[in-house]
Amino acid sequence: MTTSTGKINLLGLTQPEMEQFFDSIGEKRFRAGQVMKWIHHFGVSDFAAMTNVGKVLREKLEAVAEIRPPEVVSEDISADGTRKWVIRVASGSCVETVYIPTDDRGTLCVSSQAGCALDCSFCSTGKQGFNSNLTAAEVIGQVWLANKSFGTVPAKVDRAITNVVMMGMGEPLLNFDNVIAAMKIMMDDLGYGISKRRVTLSTSGVVPMIDELAKHIDVSLALSLHAPNDELRNKLVPINKKYPLKVLLESCMGYMSTLGGKRVLTVEYTLLKDVNDQPEHAAQMIELLRDVPCKINLIPFNPFPHSGYERPSNNAIRRFQDLLHHGGFNVTTRTTRGDDIDAACGQLVGQVNDRTRRSERYIAVRQLSADVELQDSAASH
């Protein structure tokens, strides 16, 4: 992608795209691998530092290309070791990236959009509306910046980042091409060499793009479910009105079967006090997912101002988990991490910007959606 300087940002190019770039400037394709290693393995953003690239080629690259990561506005470290970066992208909006360390892994939670158009009622990101899609360079740039912050080399065994989850701000499947490109760089040995089993894309349920996903990439899939029936999910996750549960689960099953192997869907379920945490909800969930190879990740709600929701008691959380476990499911309850720096699940809002502002583009998207719904309603009568 060409930046405001008129140069091509090499940070977001996949290996084939990098090879095409070197073709276009009359250079050998093997240079693509050299430059990708400098960028992603060693965190280099200055062509002058690429010691195995000749001076003439370095000067040529300086004239037509650049390596421009997004700008780090702030970095916060939680008492539990969780880190959160606020990052400003080219549109002027801010997004957030979170690193969660555990004993056996380091997981980076990456954003795909500034804001989100899906307006899930319990998610603070949705409250700020949709601002912009991130470029491939801005998506993979979050991985680049995190590695740079840790001073680690991705190719080493003791790498800081072992897993990446597309679970930050935004709906990844509504920024399809850029997210796919970034995930390819994550998994490329010339990029970050992360196993496909350790890269997870989370979706609220954009069915046409789930159906398209297997044609382009092989990664783990997570579904933001949050309700065991259509009536409740319509309220919590409004996209369910367009793609109800039966259609959505069929699409997820289709993705897993297309790729083959022992695929398991990760089901994410945010527990909201007295809303979706009752025994009858657990019973409905057991019935809904009975034939779906899945593991269930329960997420106790992380409060934010004016949400209108509360976190269930620990007893209610344990009861819900036990009911699902007795129903035959592999169930874990996510430990809240980074809530003291507003980095917990559902708390990402790009706080440097005015969180109440909705861009003209977002308003137009919502109006178009409303117009389509009115037309559909009129056609059905």
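One is the number of the first residue shown, and numbering goes on along the chain from there.
Just so you know, glycine gets a Cβ as well, placed from its N, Cα and C.
Per Swiss-Prot, active site, S-methylcysteine intermediate is recorded for C345. Marked as [4Fe-4S] cluster binding site by Swiss-Prot on the basis of sequence analysis: C116, C120, C123. The feature S-adenosyl-L-methionine binding site is assigned by Swiss-Prot to G170, E171, S202, S224, L225, H226, N302. Annotated disulfide bond per Swiss-Prot: C109-C345, in sequence order. Here Swiss-Prot flags 102-342 as domain 'Radical SAM core'.
Checking Cα-Cα distances from C116 ([4Fe-4S] cluster binding site) against the binding-site residues (S202, L225, N302) with a 10 Å cut-off leaves nothing; none qualify.
Each residue contributes its Cα atom, and for E171 (S-adenosyl-L-methionine binding site) and C109 (disulfide bond) these two points are 13 Å apart. Neighbours of S224 (S-adenosyl-L-methionine binding site), defined as other CB atoms within 10 A of its CB across all chains, total 22.
In sequence order, C123 are the recorded positions from C109, C120, C123 with a C-alpha within 10 Å of the C-alpha of N302 (S-adenosyl-L-methionine binding site). When the alpha carbons of S224 (S-adenosyl-L-methionine binding site) and C109 (disulfide bond) are compared, the span between them is 15 angstrom. Annotation: N302 carries the greatest number of neighbouring Cβ atoms among the binding-site residues S202, N302 [cut-off 10 Å, Cβ to Cβ]. A sphere of 10 angstroms centred on the C-beta of C120 ([4Fe-4S] cluster binding site) encloses 23 other C-beta atoms.
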